[in-house]
Amino acid sequence: MKTKNVKLLFFFFSVSLLLIAVVNAAEGHSHGGPKCECSHEDDHENKAGARKYKIAAIPTVLIAGIIGVLFPLLGKVFPSLRPETCFFFVTKAFAAGVILATGFMHVLPEAYEMLNSPCLTSEAWEFPFTGFIAMIAAILTLSVDTFATSSFYKSHCKASKRVSDGETGESSVDSEKVQILRTRVIAQVLELGIIVHSVVIGISLGASQSPDAAKALFIALMFHQCFEGLGLGGCIAQGKFKCLSVTIMSTFFAITTPIGIVVGMGIANSYDESSPTALIVQGVLNAASAGILIYMSLVDLLAADFTHPKMQSNTGLQIMAHIALLLGAGLMSLLAKWA
């Protein structure tokens, strides 16, 4: 199990560094060619004013992420937060609404805007790549979800055949283990989708030279990280990960956006968000992230919980969960005005 935890650490760490390096390299290599003058920044930028918001955002966003992801994990201390309680179902519905709105209202529109920018003059981009990439990402997420669960189930069935047929309770144990594994796969894939988006939006804040834009992103990101942390923390709690795995996953979620902000600040002077290479790289990453988040929220979070026997047998819980879902999606959609 320790080896798996180490592999998990290196996996998420490598993904984070790779994404940061790709975006950074894209900006560095885009200065040799002609530049597109599609800048959205005000000509009279106050870099000093923007910098104070960036510096303040690093610890604030970090703390907001920690609070969000740890809240559902406190079930061991507070019984009302345990996965089997009604409060947990309602909280998870709210978080699923947040993640769904993140995919539809934040990430997908950004990807569409980037991949349909007038700065991209190539005829190849007349094809609707945004939806295509999001669709492929959703299909790949489905494949990872089903193949990982199927692989574990087959291997476990082979082992269980060696046990005497006279033993009872084996079927229920197998089913429980498969469900736990599937929840773990869901948590890891969901974190990957969130990390991709977090790196991109963190770099956007760090590279922003406008105080107004930096302030708006700063405020929006606080709630953004906290709300997304609720959804991820809920999946981690249901996956029954060991303490080290919980620490690793929670830490990577919390630090990814602050790392993106720091990288953005480092490349702010050379960053050209309207360069074709940067638009393509960030557009593709955002589209893929949107596909992952939309699939995970609808299939693995909402569908799983809303068809759960506990939910189906409790009309009051269903109503509360739907209200929480609409509230989470509504609040996150409102944040799209600023970020």
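Quick reminder: no glycine exception, Cβ is built from N, Cα and C everywhere.
Membrane topology from Swiss-Prot places K52 and S245 on either side, one opposite the other. Here the topological domain 'Cytoplasmic' (76-86) has, by DSSP, the following mix of helix, strand and coil residues: 5 helix, 0 strand, 6 coil. Within the same chain, residues 234, 237-238, 310, 314, 317, 320 sit at least 6 positions outside the topological domain 'Cytoplasmic' (76-86) and bring their C-beta atoms closer than 8 Å to a C-beta of that stretch. Counted over residue pairs separated by six or more positions, the transmembrane segment (185-205) shares at least 3 Cβ pairs under 8 angstroms with the transmembrane segment (87-107), which defines the two as touching. Outside the transmembrane segment (316-336), and at least 6 residues removed from its termini, the chain residues within Cβ reach (under 8 Å) are 86, 89-91, 93-98, 100-102, 105-106, 109, 220, 223-224, 227, 302, 305-306, 310.
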